[in-house]
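Novice: Have a look at this one.
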Amino acid sequence: MYGIEYTTVLTFLISVILLNYVLKSLTRIMDFIIYRFLLIIVILSPLLDAQNYGINLPITGSMDTPYTNSTREEVFLTSTLCLYYPTEAATEINDNSWKDTLSQLFLTKGWPTGSIYFKDYTDIASFSVDPQLYCDYNLVLMKYDATLQLDMSELADLLLNEWLCNPMDITLYYYQQTDEANKWISMGSSCTIKVCPLNTQTLGIGCLTTDTNTFEEVATAEKLVITDVVDGVNHKLKVTTDTCTIRNCKKLGPRENVAVIQVGGSDVLDITADPTTAPQTERMMRVNWKKWWQVFYTIVDYVNQIVQAMSKRSRSLNSAAFYYRV
């Protein structure tokens, strides 16, 4: 009996000794692996190009302000500025390096040369068909033309506001505008719009629904049309659909990353009289025009004051986003 107890105690002691040996061996192996791994990291760290993911950014303050990355020299937080101008400006200046000159001048106002983009357009009508405003801040220069006041006003209304639009099937349905913010916007190479208001029996008011020649014509061969009719009244429409598309749109509010600058003209365009414009102020301004160099110098000089009246938080705009924005 005593022999069995001694054997049991001896077996237990041997097991404890073996377990202790195994644990010490594992500890030495793990220490070797960890120290070797740390040694490799220490050796390779000077050779690695680390990236700081905003550790040194302040908690408060404007995120539009450029901060320098602690491990890189370039500016990684910056705003982009697009300047849209008519092609006649470049023709008059007639200098292949004029954009580089302006970029250097913008640099004196705190705008890096890589953040300024120059985009030309042929005329107001063609620009209105396919506006592309992709920068954080967009300045649109429109030279005043007394014969194009309506086109300039409609383009400004389109650019300075956000719109929610849906397609219209004018061959199958009647349409009505629900309130002042509800407009029909047409774009294309040639848009002719005719309307026929209907009474509660769907009979034409002053027109025949079966004869489009009796419809009232509200636009003729235009590239951009913002149609406003009597609210709450159904209308049958006739549109040159082969050269024009029409959408049922709702004005949502200001597009704050766009400013329209009228170049020259004794009359200043004003779209704030529209009751759907709220607040009754818009990012529209006028600069005197003698030569285009003078215009661009003025823009550079006042660019920061102009941008202060804007916000880069608005959505970008092109013709597709304008039609299908959700």
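Glycine is treated like the rest: Cβ placed from N, Cα and C.
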Novice: In Swiss-Prot, CYS196 sits in a disulfide bond; tell me which of CYS191, CYS207 is on the other end.
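Specialist: According to Swiss-Prot, the disulfide partner of CYS196 among CYS191, CYS207 is CYS207.
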Novice: Among CYS135, CYS165, which cysteine is annotated in Swiss-Prot as forming a disulphide with CYS82?
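Specialist: Recorded disulfide partner of CYS82 in Swiss-Prot: CYS135.
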Novice: Which one of GLN104, GLN132, GLN149, GLN177 goes with ASP228, VAL229, ASP231, ASP301 at the Ca(2+) 2 site, as Swiss-Prot has it?
Specialist: GLN177
Novice: Across all the protein chains here, work out how many other Cβ atoms are within 10 Å of the Cβ of CYS207 (disulfide bond).
Specialist: 20
Novice: Once the chains shown are all counted, how many other Cβ atoms turn up within 10 Å of the Cβ of CYS165 (disulfide bond)?
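Specialist: Neighbour count, Cβ to Cβ under the 10 Å cut-off: 19.
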Novice: Which number gives the other C-beta atoms within 10 angstroms of the C-beta of VAL229 (Ca(2+) 2 binding site), all protein chains shown included?
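Specialist: Its Cβ has 19 other Cβ atoms within 10 Å.
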Novice: May I ask for the distance between CYS249 (disulfide bond) and VAL229 (Ca(2+) 2 binding site), taken between their Cα atoms and rounded to an integer number of Å?
Specialist: 13
Novice: Quick one: pull the CA-CA distance for GLU216 (Ca(2+) 1 binding site) versus GLN177 (Ca(2+) 2 binding site), whole Å only.
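Specialist: Answer for this pair: 17 Å between alpha carbons.
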Novice: If I take the Cα of THR214 (Ca(2+) 1 binding site) as reference, which of the recorded positions CYS135, CYS196, VAL229, ASP231, ASP301 has the closest Cα?
Specialist: CYS196
Novice: What residue among the disulfide-bonded residues CYS82, CYS135, CYS191 has the most other CB atoms lying within 10 A of its CB?
Specialist: CYS191
